[in-house]
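Data block below; observations after.
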Amino acid sequence: MSDESQINQENQKETRKKDDSPLTTDEVIKDKGKVDFTKGGVENYKFYPDNPVNHRHKYRWSMKEPSKYYDPCEESRQASINCMLRNQEDKTVCQDFFDAYKECKKDFFNKKVADRRQGKGGWGIW
């Protein structure tokens, strides 16, 4: 392998690392060791794996058909459903999952309202 091709490959790797910022990727981090629940300080604690303030949710929300349902907190929703299926006798065990899903949805709709107040379009006709 020539030196020039090695340099090109290294540059591509560096570019990919830079492009993996939260705004450019929709990847859900599933490895618990890599999730930063306290990103930005104590006031920004995050108790769910989804990223409801990602800019891509706005476009998916506006591009969905009127009769379709879009959930930006899909992973939290699925976790709460799985907990209910595991603990059918006692739903109080799943309260943390319910709260995380509710918080995720609240963050998503707060982002939506904030974008509208700032005059940012893209949320559909409403």
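Cβ atoms are placed via backbone N, Cα and C, with glycine included.
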Cysteine from Cys73, Cys83 that Swiss-Prot links to Cys94 by a disulfide bond: Cys83
Check each of the ranges 40-50, 73-83, 106-116 against Swiss-Prot and return the one annotated as motif 'Cx9C motif 1'. 73-83
Measure the Cβ-based neighbour count of Cys104 (disulfide bond), defined as the other Cβ atoms within 10 Å of its Cβ. 25
